[in-house]
Amino acid sequence: MFASVLKKIVGTKNDRELKKYSLIQREINALESSIAALSDEQLKEKTPYFKEKLHTGASLDDILPEAFAVVREVARRTVNMRPFDVQLIGGMVLHEGKIAEMKTGEGKTLVATMPMYLNALEGKGAHLVTVNDYLASRDAEWMSPIYSFLGLSVGVIVHGMDDDERRAAYACDITYGTNNEFGFDYLRDNMKYSLEDYTQREFNYSIVDEVDSILIDEARTPLIISGPSEESTDKYYRINQIIPRLKKERDYTIDEKSRTVVLTEEGVARVESYLNVSNLYEPRNIDTLHHVNQALKAHTLFKRDVDYLVKDGQVIIVDEFTGRIMPGRRYSDGLHQALEAKEKVKIEQENQTLASITFQNFFRMYSKLAGMTGTADTEAAEFKKIYNLDVVVVPTNMPMIRVDHTDVIYKTEKEKFSAVIEEIKELHKAKRPVLVGTISIEKSELLSKYLTQTGIQHHVLNAKNHEKEAEIVSQAGQPGQVTISTNMAGRGTDIKLGERVAELGGLHILGTERHESRRIDNQLRGRSGRQGDMGSSRFYLSLEDDLLRIFGAEKISSIMDKIGIEENQPIEHKLISRAIENAQKRVEGQNFDIRKHLLEYDDVMNRQRQVIYEQRRNVLKGDELREDLLDMIEEVVEDFVPEYVDEKRHPDEWNLKGLEDRVLKQFSLRLDFSKSGDVGSLEDIQEKIVAAVNDLLNRKEAEFGKPLMDYLIRMISIQSIDSHWKDHLLAMDHLKEGIGLRGYGQKDPVREYQKEGYDLFMDMIRRIKEDTLEKLCMVQIRREEEVEEMREQSRQNYIMNRGEDIAAPATVRRKNEKVGRNDPCPCGSGKKYKKCCGANK
């Protein structure tokens, strides 16, 4: 009560933000007449003038009013569009690194030009991120006259470009592109063998269009670059054959709320019998159990034409939020292969991850991040918690006059669709356009069948005919048009009204089901009532809809009983609408928890990724190549010598023969400790080995020449890093798969993942060093004839020794890993140990 009274007196936080921006907006308006009086040449001179001001100490905020006024005037002269006052406010929100919620049709594309221009003046680049190549190319083409007039270069990143084209686009002052392209370029750059081949520069400033789609809906989908694994695909066919023989409840149970399926004890026994396995939970059968679970998921939780479609012999994922197909994307962990087996199409090999990153961690690398969308306020808490982004709701330029009717609810889906058809008939008779929203391809085709039976002409827009999207959407606001669409029509499209449609009441939005997220429903509604147009919306629901059936049926049924609703009678009641909204909030909260939980795990991988990528870049720079190599030799020697030389024991008990063998294997050096009498102390032995390795590498440098030796050090180091990083990613995946079970032992799975992940990481760092030095010490330059002789000898040896496995003895490792001088400092500073806590050691 007190809070609501206080809000009325001092206003909401959003009101206070808007008041602050309004003061600056008035400053910009005051400059308009003087800026308009400038010639084209004088306007063009403003860019070098602003850059000079920044160079002499002015901040971006200092020059904002004049810079925005300049962009407004240039927009009027070049693209014949003058930003409204609310668009100036939207631009200020974006400049401050916040999210601007602006309704459909409010001109977000134009809004972005002002903060993009301002932030590009620093010369560090500014990125505008969109959801697809079409929008990236379109927006860059629309707005480039403004930037070009002001002397700034514009680049576009789209799929299919080569590295030279990408490098040129990233070098521009302003770069448009998609989230996928920006993310994959980052991963690809960090797999390259030369800094000159990198395409991207620093991550300075970014505006993410449709920010809720990219940073929330896509947050659970990592970008992955993968290579083929060598596993056979036969197991997927074999396991797929047994799944139809299992029965629900008897052999497995489904939890639709958490989208999980679990085998019962009877089901486990039946699977063991079908697969001729004695114990499915034995360590050697864990892989089989995993693939059985994935096959169960594929058959019970994933529906064709809802979650995916089959096209040209391929299983293609359908994005649940946008309704669009996602060619090239595949489910991981064998799930996609299980779906391919289920649909009897060719099974592609499962891939091994070579590099990956989530959008959450990619976009957090930008010095300043901003976003814009028509629907963000419902997720404001998540934006703040995960990305530290505030949401500011920007008012519309014209008052919103769309009428949003309360939901109408029926007991069965059949009754609901009958009512939907009747309403469409009435609207069609009145020549009023209607956009019907469905949540899946399956439902859009079902409704289309009903409309065809009644003789109503209509268009269907879903992932199966996405190529006709522009044509269908352009006609959707014409008199008498009936358009059925999945979530595809919910974003990035403006539906313009035909002649006299406004007099009929504008475009009517008819939703046939509530989505799990209120944002998706709001996006559908937002297709109508743009820029002060007339319009209306209504949702038709049934208790058989997934959302209500899984999350709200009991509560809503009890409300219906209290109200006294009979069969076939529709319900319109605020209590019901509130119960539905509460169900959506519960699902949103659940999904937020899942994303937050995934981020906690990914943050561990992210810190490791940053260290590895920094090490790669340092090797490629080569600034301290020889110093780092000497440190590496010392660290490897100091790591393994104590395994053979224990100073607590008498020298006669030292394993000097084992040490000689280890030095020979590690460095290709024959050193004789056992016959040299007094071998000295542990430190003496270490110094002797380090000196010998150094001498060997110096001889190689004298033979090869310094340029070739430096090249070999770089290439061998990078190959070792990449090879072991790939294996480490797989090990971390396996660790994450089983870590959840630690909760049953009263341990925090995330803490355990952090601890064991760190141990795996430090072990990988050790192996990278050993591998690099082993290869460097072995490398030789051979004549072509010698190489051919060696190849032939290798072939002969393979034929002679085929089938023989020689087990290498396991090396005993000390329990606590020693921190190497080049390793990341355990204190968490991000610096090398030798330049942090180890500086004085």
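Residue numbering: from 1, along the chain as shown.
The backbone N, Cα and C atoms fix where each Cβ goes, and this holds for glycine too.
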Note = Among Gln87, Gln475, Gln478, the candidate listed by Swiss-Prot alongside Gly105, Glu106, Gly107, Lys108, Thr109, Asp494 for ATP is Gln87
Residue with minimal Cβ packing [other Cβ atoms within 10 Å] among the binding-site residues Gly105, Gly107 = Gly107
Note = Mapped onto three states, the DSSP assignment of Glu106 (ATP binding site) reads coil
Message = Quick check on the binding-site residues Glu106, Asp494: which one has the highest count of other Cβ atoms within 10 Å of its Cβ?
response = Glu106
Task = In three-state terms from DSSP, label Gln87 (ATP binding site) for me.
result = helix
Key: Site extent for ATP, whole Å (max Cα pair distance, Gln87, Gly105, Glu106, Gly107, Lys108, Thr109, Asp494)   = 17
Ask   = From the centroid of the CB atoms of Gln87, Gly105, Glu106, Gly107, Lys108, Thr109, Asp494, the recorded ATP site, which same-chain residues not already listed sit within 8 A by their CB, in sequence order?
value = Met102, Thr104, Leu110, Val111
Ask   = Considering the binding-site residues Gln87, Thr109, which residue's Cβ sits among the greatest number of other Cβ atoms within 10 Å?
value = Gln87
